[in-house]
Amino acid sequence: MKPTKMTSILRSMYHIAAFSWYVFVVRSLAAKDGEELPAGIFAYGGPWKYLTFLNLVNLLQMSFFGLAAVNDLQPGKKSESTLNRCKDLLFSVFAFPVGMFVVLLFWTIFAYDRELVYPAAIDTFFPPWINHAMHTFVLPVLLGEVLVQPHAYPHTNYALAALGSVGLSYLFWILWVYLSVGIWVYPLLAHFSPAGLLGFFFLNMSVVTLLYLLGDKLNNHVWIKQH
């Protein structure tokens, strides 16, 4: 079997395995629906108010790997297809920087004071493996994707504009949740003044921007010979 053919098979297996893993995680989370919520989780907005859940499902990790698996099945030259361009855009602008951001921010705050982001009471609701599935394993899976396939990155200005739009949309969403029920999605946010919240948001967007640029550099470094 030719090396290129073997590479394609391994790439397809990786995408299918990653997609299956995220489907399993999401189904495990969905199985908790209807159970009594522990302290630290409230019902309004459902799981869609948490960036972790959005990262797993909403157009990011699970969606990306599902799209990548479908793209692998396309006949002919995949690099020129609309599906492939959508896949690359989804990975480069959203899945990689946001996924890495969720992991890094979560564990940084968790190490400082877990009650600010993931209160201990939640351990009775979600077993430790689900916590790591949502906040740890995302990182190695994304790095694995960098290694198995090159991705075409868009113009940096367009990419950052898209990231900024998504960031603002999420900020307005969590503000809406707070104004509706008087509870912050993350306990950490209750410790900030309005100016502090604005500064925290811009700090986070700066980190996401750096992670986008990191993804671009890694992609070029690993696949420079391809170019």
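Keep in mind that glycine also has a Cβ here, set from the backbone N, Cα and C atoms.
According to TrEMBL, the feature transmembrane segment maps to 12-30 (among others). Listed by sequence, the residues of this chain that lie at least six past the ends of the transmembrane segment (12-30) yet keep a Cβ under 8 A from its Cβ atoms are 47, 53, 56-57, 61-62, 65-66, 68-69, 72-73, 130, 133-134, 137, 141, 144-145, 148.
Among the features that TrEMBL reports, transmembrane segment is placed at 50-69 (among others). If you look at the transmembrane segment (50-69), the same-chain residues 6 or more away from its ends with a CB under 8 A from one of its CBs are 12, 15-16, 18-19, 22-23, 25-26, 29, 83, 86-87, 90-91, 94-95, 98-99, 102, 106, 134-135, 138, 141, 145, 149, 170, 185.
The feature transmembrane segment is assigned by TrEMBL to 89-109 (among others).
The transmembrane segment feature in TrEMBL is assigned to 129-148 (among others).
What TrEMBL lists as transmembrane segment is 160-186 (among others).
Feature annotation from TrEMBL assigns transmembrane segment to 192-215 (among others).
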In the same chain, residues at least 6 away from the ends of the transmembrane segment (192-215) whose Cβ sits under 8 Å of its Cβ atoms read 92-93, 96-98, 100-101, 104-105, 146, 153, 156, 159-160, 163-164, 167, 171
Per the Cβ filter (under 8 Å) with a sequence gap of at least 6 from its ends, the transmembrane segment (89-109) is approached by 51-52, 55, 59-61, 63-64, 67-68, 116-118, 134-136, 138-139, 142, 145-146, 151-154, 159, 162-163, 166, 188, 204, 207-209, 211-212, 214-216, 219
Lying 6 or more residues past either end of the transmembrane segment (160-186) yet within Cβ distance under 8 Å of it, the residues of that chain are 42, 44-45, 49-51, 54, 93-94, 97-98, 116-117, 201, 204-205, 208-209, 212
